[in-house]
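First comes the structure, then the notes that go with it.
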């Protein structure tokens, strides 16, 4: 090991390397390289955590894994492989999620530093907040193809991971997805929406079928609406896609006929849609074309399985098989918890097969080029191809920055970018000129974090505020929320405490335009003020807008420079890169829990009542 070779490190650095405890979060492409580098450098105390298991697709760049390891926990196998380099290292592996409450601020405080090698923003945001709360250095890293980046995050010294708005993931109008797709990605998004409608978390805004009860529908499309019978309240009762599928016993032929024949016939009746567009072609399950370009009965066995185009007949067969497998999984979950649901995962065979088959059938109907399962997996999972060389370069830079931290030379931990082509100075590895200071308006690391949420208070429910805003957009784990003006508890992390109010709208709870909510998350030791602004919901526009720093609420355009250099502004790949006078506490606030034995900081104090009463949108 490098630390044991005379002259490689100074005595001070050698002692620091051998005496420091390091946490590595993520055991993918970068995580494997980091772990290998740490072991070969002479670090003796390492913990590594990763929730994922090894997939065949990982083997071309995650070199601590081999074919016999497929299906096993990444963290566990990475530990075993790394010990083969140096069996004297104490490596503790956790096959677990870093977001779980047991990995508290006290857990983070035991480490000299944390090295991030994660593949999703929610976990990155969480680790960022935990390291800020524990006041320990975090080295953040990521890759996207040939591009890569390493940066130091240190409380009060540098910007944190959430200081700058992240580039918004591309979204598409609902009418385009449901009625007039024109690109493969439209069909893929439709397939993912269908998965959620049938088996996942239900979202009425992501319905996949045309609204056959829309009185404004053109031609015969409006006949159902005009003849629909209203209930006692005067409303037309509608059956969701999931309810209909369950009533039909998830019969694959019936679901196929509805989605790919009846719904298409309905769309054709909307004549105005097709005046300047190619009309879609309805399909019947027993009259499907037998081949597409590059795929037929004669060459069905040729080529790599995932990279061979499927015929429409094959798509229908895969649709039926995956539908039944997903139905079985879904019913098993529902038997244990009727509120549980499946979560779409690109590495789940049935889920991926289902979306790929649905996307290709729909693409065929609308005359859109079909894609292979491999291509659809890349597009559906927002995957940027991972390059092993880039991972190795970035992992090396991570450990070099770790040496600077051990030397107490944090000022030398400049952000570094790896580029595909040399810049004007001929550099492929491009360092920043200095540390990037914190954004004084950041809703995470500023002294008094504050953010504005623009919603329709007459529509958004308390449950949606918790799930969609606090947990999904602001990446909290177990939030509590209190109205500043009254001290009334609106959301509680205590199970069942506020269950009776979750269905109420914000307006029904007295949360109106200008209401200030004090929100904290005892797991993350994080608190902020949320100012609610009322904005009437508009059709085909986001119903929730998060604004942190009003002057910087728009994400940088792609290619925009940071200190003269190129920042990564891409979708996350599957591996490594990858969205604003104290008074006494109220009785409601006194019920809140706090991490045990954690020193209280201004950001961790109990919620207070005040006299006055950013959407996480992906880069590093």
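Keep in mind that glycine also has a Cβ here, set from the backbone N, Cα and C atoms.
Record features (TrEMBL):
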DOMAIN    8-442  domain 'THIF-type NAD/FAD binding fold'
BINDING   26-31, 50, 58-61, 74, 97-98, 119-124  ATP binding site
BINDING   160, 163, 442, 445  Zn(2+) binding site
ACT_SITE  175  active site, glycyl thioester intermediate
COMPBIAS  205-216  compositional bias 'Acidic residues'
REGION    205-240  region 'Disordered'
DOMAIN    321-377  domain 'Ubiquitin-activating enzyme SCCH'
DOMAIN    453-537  domain 'Ubiquitin/SUMO-activating enzyme ubiquitin-like'
REGION    548-607  region 'Disordered'
COMPBIAS  551-563  compositional bias 'Basic and acidic residues'
For this session: Check the Cα-Cα distances from residue 50 (ATP binding site) to the recorded positions 160, 163, 175, 442 and tell me which is shortest.
Result: 160
Exercise. Residue 175 (active site, glycyl thioester intermediate) has how many other Cβ neighbours within 10 Å of its own Cβ?
Worked result: 12
Exercise. Counting distance between Cα atoms, which of the recorded positions 160, 175, 445 is nearest residue 60 (ATP binding site)?
Worked result: 160
For this session: Pull the DSSP breakdown for the domain 'Ubiquitin-activating enzyme SCCH' (321-377) and write it out as helix, strand, coil residue counts.
Result: 38 helix, 0 strand, 19 coil
Exercise. What's the CA-CA gap between residue 97 (ATP binding site) and residue 160 (Zn(2+) binding site) in angstrom, rounded?
Worked result: 21
Exercise. What same-chain residues, at least 6 away in sequence, bring their CB to under 8 Å of the CB of residue 123 (ATP binding site)?
Worked result: 25, 97, 98, 99
For this session: Could you check which of the recorded positions (26, 29, 120, 175) sits closest to residue 160 (Zn(2+) binding site), going Cα to Cα?
Result: 120
Exercise. How big is the Cα-to-Cα gap, in Å, between the residue listed as 'active site, glycyl thioester intermediate' and residue 26 (ATP binding site)?
Worked result: 38
Seminar exercise, completed: Reduced to three DSSP states, the domain 'Ubiquitin/SUMO-activating enzyme ubiquitin-like' (453-537) has 18 helix, 28 strand, 39 coil
For this session: Round to a whole number and give the Cα-to-Cα distance in Å for the pair residue 445 (Zn(2+) binding site) and residue 29 (ATP binding site).
Result: 29
Exercise. For residue 60 (ATP binding site), what is the tally of other C-beta atoms lying within 10 angstroms of its C-beta?
Worked result: 10
Problem set entry | Between residue 120 (ATP binding site) and residue 163 (Zn(2+) binding site), the C-alpha gap once rounded to whole angstrom | 17
Exercise. Looking only at Cβ atoms, how many others are within 10 Å of the one on residue 50 (ATP binding site)?
Worked result: 27
Seminar exercise, completed: Counting other CB atoms within 10 Å of each candidate's CB, the least crowded of the binding-site residues 26, 29 is 29
